[in-house]
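What TrEMBL says about this one:
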TRANSMEM  A:6-26  transmembrane segment
TRANSMEM  A:38-56  transmembrane segment
TRANSMEM  A:71-98  transmembrane segment
TRANSMEM  A:105-127  transmembrane segment
TRANSMEM  A:147-170  transmembrane segment
TRANSMEM  A:182-200  transmembrane segment
TRANSMEM  A:220-247  transmembrane segment
TRANSMEM  A:259-278  transmembrane segment
TRANSMEM  A:298-317  transmembrane segment
TRANSMEM  A:329-352  transmembrane segment
TRANSMEM  A:364-385  transmembrane segment
Amino acid sequence: MKLLGWIFLIGVVTIFFWAACAVAFGRYTQTVKRLCRYTLRIFWLVSLGVLILRFGKGLGAISAMSDKFPWGVWIGLLQSGVALAAGGFVTAATVHIFHIRRFEVILRPMVLTAFLGYLFVAMTLFVEVGRPQRLWHPLVMWQHTSIMFEVAWCVTLYITVLMIEFSPVIFEHLDMPKVVKAIHYGAIPIVIVGVILSTLHQSSMGSMFLVMPEKIYPLWFSPLLPVFFLISAVAVGLCTAIIESFFSHKLFGRSLEIPLLQSLAAAAQIVLLVYFGLKMVDISMRKEWQSMWTVPWLGVSFGIELFGCVLLPIILFSIPAVRLHVRGLVFTSFLVGGGIILNRINVSWFSLIPYTHTTYFPTWMELCVSLFFVTLTVVAFGLAAHHLPVFPKAGGKIPPQTSSEPNLN
Amino acid sequence: MFASDISSSRRRFLKGAGASVCALSIFPKKLRANHTKVSKGEAYSVLVDLTRCIACRACSRVCVKANGLDPADDGSNVSPQHCETLAYNKWSTVNVENVPEPMHKSLAVGVKRQCMHCLEPACVSVCPVGAFSQTEKGPVIYRSQRCIGCRYCMIACPFEIPKFNWHSGFTPVVGKCQFCAQNRLFKGLPPACVEACPTGALKFGSREKLLFEAKVRVKANPKKYIKHIYGENEIGGTSWLYLSGIPFEKLGFKSNLPTSPIPSFTWEVVSRIPIIIAALSGLFGMVAFSLKKHIKDQDDLPKAGAS
């Protein structure tokens, strides 16, 4: 059963990965599409079965988490989801606070991504938390010293803000220009609230781990964890914007503005540089470089995360051959995204292993649940992009109406 | 010209914002919240003298009975090889630790484990819904009515005490020693395990008195005891205190705990939130509206603002 589960999961991942590659290289044929759809349906059925098992028999029935290792891979992925959603507030701030209008073309897709990213987080929480029927408790039962309390409030408020930020798209679709205009007047305050909530929330994702100074491996534990989480989220937010522009270009035939992507990459490069510098200073100040060798595999993981996925992208973004080509930009952005996911998993999972003396490894069902939510999010994005005026027409400004979208497929 | 004005003010803002955020985060905070209303001396306390423990597991058995728990392992197996583990429905365990000695013999020591009832508990401070609370006399108690099952308490507890029911779909609970607070202490009775202990390895009293007694015991018998009262200073002090003849790290106690209480680590961040909100909203508001005005002034040139 266990082996079958893993084979099934790996098969599904392979097919999706292949499909994504097919999209990237322009070979997304009808056959691939059909295969993808069938896989998706079977996968969803299996995932629903897993969810029934979770709510019928408890977390222990589907996950490898235990009293010794109470937080598993879901927390790492949830945190990655939050980080990958950072593009929303970064773009919104660029457009509405700094008034750099040419980024307006990516604003709507980025806000949608952020919204769906947070929905992914909410869905994961619904399964992860022991009593999901009580998820509203933190909003009523205040406990202001808890970082988790802050997280709960920020997630709730920020999802609301994202809904408001995204609502003009829906009202445009419903052809209600007056409402759109009204929301547009309130744009700046709403965006400011969103940016503050994101700043607090992204950093509190790191603050959550400040309570275990003795448990987290010293390469990762630092009083600056909240700052690191915030800065890395900004960098990865910029990179998701690049990735998403590329895929929407491939899938929906949107025009691709390479200069725009290049400015995004340049901004990401600066942010990554700040992150890298701070990280270096932090570890040197705490004199923890020898921890690279005391537990070698953690040292390797740390090396990949920091040198492979932060330093390497900084270098790559400054090489003209990479910067001038879309695929180079996208590849490097993937590197940054992967690095952030690895970082979150390192902090919340790997770094705890030496202390707890237990090896936690997720079951296939745990990963199945996460992949289920990821596919739901991706499909929701596709549906929204298909039916709503998320992407502007080729050329630039956001269209006033939704009608006449010839190359929408 | 205007465009460069805007971009330079943007740049100035970014510099200013970066500097102020750095200042806000690095500037040391002098205020440290004292989260506890418990006086360190008067807290209810138990002194565990490991040199007196004979590992009869009477405490384990009576704990199950007194708290109405139904664990798979009720403590009736008293063989030294048997290993008891804490669970959501098993709040107190005794395990026999074999400590290798230099003279080719090994020493068996019974070690009781339960919640340490920290004076400044991490679980109380991290729980987002206040399911954990500290009573005025020190015991840290958990009420399941509020619990959402996020398990942050398990992650945060430096002694890894709270345990979770992994086999309940919608109503899992966290379980840990309640110090018999509601069913015994409030009636003036000592905790059930203390009452059940036949050898006097457990002693109940106020923390001040027990600390004093522990120090007297160590001083009177320096060969028998090591000079460390576990729980005196660990993470700001705990209500349960341990005496031992063998270094604690050899008995599986955490030896790398900081002496400052865990809640102070996050308080550093939490206490700054109001000022961060105020500073950011002020800064962003100023920039957003002043730049908007700039841009409005040159609305006729549609793409000049982008640079």
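Just so it is clear, glycine is given a Cβ too, placed from its N, Cα and C backbone atoms.
In TrEMBL, annotation is done automatically, which means it is predicted and not curated.
When Cβ-Cβ distances below 8 Å are used as the criterion, the transmembrane segment (A:298-317) is approached by residues 217, 219-220, 265-266, 268-269, 272-273, 275-276, 279, 291-292, 323, 328-329, 332-333, 335-336, 338-340, 342-343, 346, 350-351, 353-354 of the same chain, each at least six residues removed from its ends. Here the transmembrane segment (A:105-127) has long-range neighbours at 51, 54, 74, 77-78, 81-82, 84-92, 95, 135, 155, 158-159, 162-163, 165-166, 169, 237, 240-241, 244-245, 248, 257, 260, 369-370, 373-374, 376-377, 380-381, 384-385, 389-392, 396, 398, meaning same-chain residues at least 6 beyond its ends whose C-beta is under 8 angstroms from one of its own. Taking Cβ pairs closer than 8 Å, the transmembrane segment (A:147-170) reaches residues 88, 92, 108, 111-112, 114-115, 118-119, 121-122, 125, 135, 138-139, 179-180, 183-184, 190-191, 193-194, 197-198, 200-201, 204-205, 207-208, 210-211, 388-390 in its own chain, all 6 or more past its ends. Sequence-distant neighbours of the transmembrane segment (A:71-98) (same chain, 6+ residues past either end, Cβ-Cβ under 8 Å): 63-65, 104, 106-107, 110-111, 113-118, 120-121, 124-125, 127-128, 162, 165, 187-188, 191-192, 194-195, 197-199, 201-202, 205, 229, 232-234, 236-238, 240-241, 244, 337, 340-341, 344-345, 347-349, 360, 362, 366-367, 369-370. Nonlocal intrachain contacts for the transmembrane segment (A:182-200), taken as residues 6+ away from its ends with a CB within less than 8 angstroms of a stretch CB, comprise 86, 88-89, 92-93, 96-97, 150, 154, 157-158, 161-162, 164-165, 167-168, 171, 230.
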